[in-house]
Amino acid sequence: MYKILKAEKLADKIYLMDVEAPRVAKHCEPGQFVIVKMDEKGERIPLTICDYDREAGTITIVFQEIGASTMKMSKMIAGDYFRDFIGPLGRPSDFVEEDLETLKNKKMLFVAGGVGAAPVYPQVKWLKEHGVEVDVIVGSKTKDMLILEKKMNEVAGNYYPCTDDGTYGHAGMVTTKIEKLVEEGNKYDVCIAIGPMIMMKFTCLLTKKLEIPTIVSMNPIMVDGTGMCGACRVIVGGEVKFACVDGPEFDGHLVDFDNAMKRQQMYRTEEGRAILKVQEGDTHHGGCGNCGGDN
Amino acid sequence: MADVLKRIPVREQDAKERATNFEEVCYGYNKEEAMEEAARCLNCKNAKCIEGCPVSINIPGFISQVKEGNIEEAYKVIGESSALPAICGRVCPQESQCECKCIRGIKGDPVSIGKLERFVADYALENDIKPVKAEKTNGHKVAVIGSGPSGLTCAGDLAKLGYEVTVFEALHELGGVLVYGIPEFRLPKHKVVKKEIEKVKELGVKFETNVVIGKSTTIDQLMEEEDFEAVFIGSGAGLPMFMGIPGETANGVFSANEYLTRSNLMKAFDDSYDTPIVAGKKVAVVGGGNVAMDAARTALRLGAEVHIVYRRSEAELPARVEEVHHAKEEGVIFDLLTNPKEILVDDNGWVKGMKVIKMELGEPDASGRRRPVEVPGSEYEIELDTVIMSLGTSPNPLIASTTKGLETNRRKCIVAEEENGQTSKAAVFAGGDAVTGAATVILAMGAGKAGAKGIHELLSK
Ligand SMILES: Cc1cc2nc3c(=O)[nH]c(=O)nc-3n(C[C@H](O)[C@H](O)[C@H](O)COP(=O)(O)OP(=O)(O)OC[C@H]3O[C@@H](n4cnc5c(N)ncnc54)[C@H](O)[C@@H]3O)c2cc1C
Ligand SMILES: Cc1cc2nc3c(=O)[nH]c(=O)nc-3n(C[C@H](O)[C@H](O)[C@H](O)COP(=O)(O)OP(=O)(O)OC[C@H]3O[C@@H](n4cnc5c(N)ncnc54)[C@H](O)[C@@H]3O)c2cc1C
Ligand code: SF4
Ligand code: SF4
Ligand code: FES
Ligand SMILES: [Mg+2]
């Protein structure tokens, strides 16, 4: 059992939790993810590691409520337990292995969309700790949905918030901000884009044109997260890869996003039904002995 | 009096009935039936059946106790050689192991060794007969990676010798393929697998789930930082293969591992569990092994019309005869001498069919089986909404790639000595599917035993 030490609402439908998981905290690196399972009957849910504290043995996760499982998860509070918490999974970001001097001479641009700010944060933080300053664009629909702003600002070189509705920062999509920065004379050696599939797709179309090598973090449907099931297949450069072991980060210019987006829809009917079930009063919290929320 | 040439039949759930549920197919013997079947054993002096059993169970020894009705004694005899008899009694390919060597088989049916073993083991589980535990620990710490049959056996054997054993398992449940692969209707999880693992716990073995060796920690770290003096790797062969044909990433194409994991480990067939499964209306399972039969019979139970698409003929089906027989009885359709060429995909990215080609058998290949060759111009299309690829699995490279000095072969299998499991790395042993590639439960158990022996030899020096 893995104890939730902190549970906080960051914005509408976006939540942050600190979870006790010493083995994961000791070995994780930026770019990796965990799989959580709430209770006996729960799904295995992959979530990116958003921060970690090796001494305290904790992992921070940030998740968006979009379906039945995340809806249930949003009701968990500090003191509750996850039945299972597995990780770190996937490969660390490439820069973790790169020579620091080379890295310091690189101009890096991070682009986060929505809840994607969460997985971008530990990467920017790691780079800052290793003396590398990077530019960060964070996009959201509206001002109230922007998350981790203070933390991100602390570790980013230049921090550029954007909102689709223009309520804060740059008005417009993240892609328009990238274009603007490049027009203004910024030269980037690499772009790292993490967010909704559609945002990553359009970012890649743009950076391909701008000839900026781009890395994306894929979030296909997963089950085990260890290479055993093949549910997480993505096509990269015409080859089939398993995102949980070969990724989740890939060369964005080689990813077949159309296939990936179709695959994300695979369980739409079943997921819709599950949401209805939760909404129709199947929600419960604590004390039922079923979900592990009572100890 | 029954005909001694014939075995006592075993009761099974009706085929029509069971095709719609996940309850166990075979009910097993009751005590009278078991005693009657046991009476057919000739208690041979030079019992050939033992040679056929990879863990050398004293078969006439336990059967003669069953004959007398001493089931507890029979359990003790089996327990000397096997820690998981309720499982082996159900899933061992007995027809090609112990039973195929039985003297009774020359003129009539061999003794139902597997069914008798199952009866004794189930009796022990129901009556909670405890295994014999070590009197005290010897202070040596051993780590076992993987909780499949090889790991469980190695851990159990070492615990009996007094070792402090911790098993590290990547998944959230213990049992390896026994829980994520083999379906409920063949091997009940709560009634059998969990209980049999409980017995290993009673021997003093500790278990830590959710630890992916190579990610959560490494073998080198276990030895350097956590003071484990030896390690046994029983990590199986879990990596699924695909064909590499067009359309394979379409929605509705699964590996058998995914389909079975969703159904068995995540219990997607039970509505009260959260993990979804797309059952399919018309399903093709590509392959002909045990795994293919399990996937096919699972899809059938979820309500689909199911076709096994296999490129050789019935005689070459690698699955156990009993499984093929059960699958047919339940209504699985066999499209033999047929091979997929392409998966046809609709505009939304879903499977709509499969282009296949007819095959014929040519000259024998390296495996001694006649090689299937395409019949030119015989392609045709079948309409489908689901394809389950069951083409075999290989060992996951995760452990080998994160352990210094651990040698693997061309097939990504860990290289280890057969008699004691020793790998190329000091104090590291391995066995089971991780070493042999996908094989059987009982061979994995045999390898676990050999590994325990190797570790004991090393640490008791
Ligand atoms: C490597 C990785 C990292 C991720 N990191 C984060 C993160 O940091 N924060 C966050 O909010 N989300 C993250 N996700 C997505 C998150 O796993 C899904 O949103 C979640 O599983 C949805 O579950 P649900 O039951 O609430 O929704 P559902 O209604 O079941 O599904 C909604 C949508 O989520 C996706 N999804 C459903 N099940 C899975 C699954 N088992 N695996 C992956 N995707 C699924 C599908 O696209 C689906 O249509 C990540 C996914 C991956 C693969
Ligand atoms: C669907 C199916 C049906 C089968 N039917 C039969 C049958 O009827 N009869 C028969 O005899 N055999 C059958 N087999 C084969 C048999 O199950 C295997 O040969 C046997 O389970 C192998 O045992 P093992 O201990 O080597 O590995 P496994 O049972 O594969 O167990 C390996 C364990 O190690 C864990 N692991 C892997 N990597 C790591 C890691 N890095 N860190 C921690 N843990 C890890 C895995 O999660 C798994 O739990 C079947 C197999 C399948 C898939
Ligand atoms: S373990 Fe398997 S091979 Fe050995 S006696 Fe039992 S059923 Fe036969
Ligand atoms: S060979 Fe057959 S008859 Fe002889 S001891 Fe073994 S099971 Fe009994
Ligand atoms: S999630 Fe199962 S192989 Fe990647
Ligand atoms: Mg869900």
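Backbone N, Cα and C define each Cβ position, glycine as well.
Under the DSSP three-state reduction, A:Gln64 (FAD binding site) is assigned to strand. Sequence-distant neighbours of A:Gln64 (FAD binding site) (same chain, 6+ residues apart, CB-CB distance under 8 A): A:Lys13, A:Ile14, A:Tyr15, A:Thr70, A:Gly114, A:Val115. Look at TrEMBL and you will find A:Val62, A:Phe63, A:Gln64 tagged as FAD binding site.
Feature annotation from TrEMBL assigns domain 'Oxidoreductase FAD/NAD(P)-binding' to A:110-204.
Annotation note: A:Cys244 ([2Fe-2S] cluster binding site) sits in a helical segment as assigned by DSSP. Remark: A:Cys244 ([2Fe-2S] cluster binding site) has A:Pro46, A:Leu89, A:Gly90, A:Met222, A:Asp224, A:Gly225, A:Thr226, A:Gly227, A:Cys232 as non-local neighbours, by Cβ distance under 8 Å and separation of at least 6 in sequence. Residues annotated as [2Fe-2S] cluster binding site in TrEMBL: A:Cys229, A:Cys232, A:Cys244.
The binding-site residues listed here are A:Val62, A:Cys229; among them, A:Cys229 has the most other Cβ atoms within 10 Å of its own Cβ.
Proximity to chain B, taken as a Cβ less than 8 Å from one of its Cβ atoms, holds for A:Cys229 among the binding-site residues A:Gln64, A:Cys229, A:Cys244. Among the binding-site residues A:Val62, A:Phe63, A:Gln64, no residue is identified whose Cβ is positioned under 6 Å from ligand 5. For the domain 'Oxidoreductase FAD/NAD(P)-binding' (A:110-204), the predicted model reports an average pLDDT of 92.
Note: the FAD site is recorded as A:Val62, A:Phe63, A:Gln64; in the same chain, A:Ile14, A:Tyr15, A:Leu16, A:Leu47, A:Ile61, A:Glu65, A:Thr70, A:Val115, A:Ala118 also have Cβ atoms within 8 Å of that site's Cβ centroid.
Excluding the listed site residues A:Cys229, A:Cys232, A:Cys244, the same chain places A:Pro220, A:Met222, A:Val223, A:Asp224, A:Gly225, A:Thr226, A:Gly227, A:Met228, A:Gly230, A:Ala231, A:Arg233, A:Phe242, A:Ala243, A:Val245 with Cβ atoms within 8 Å of the centre of the [2Fe-2S] cluster site Cβ atoms. Spatially close to A:Phe63 (FAD binding site) yet at least six residues away along the chain are A:Ile14, A:Tyr15, A:Met17, A:Ile45, A:Leu47, A:Thr70, A:Met73, A:Ser74, A:Val115, judged by Cβ distances under 8 angstroms.
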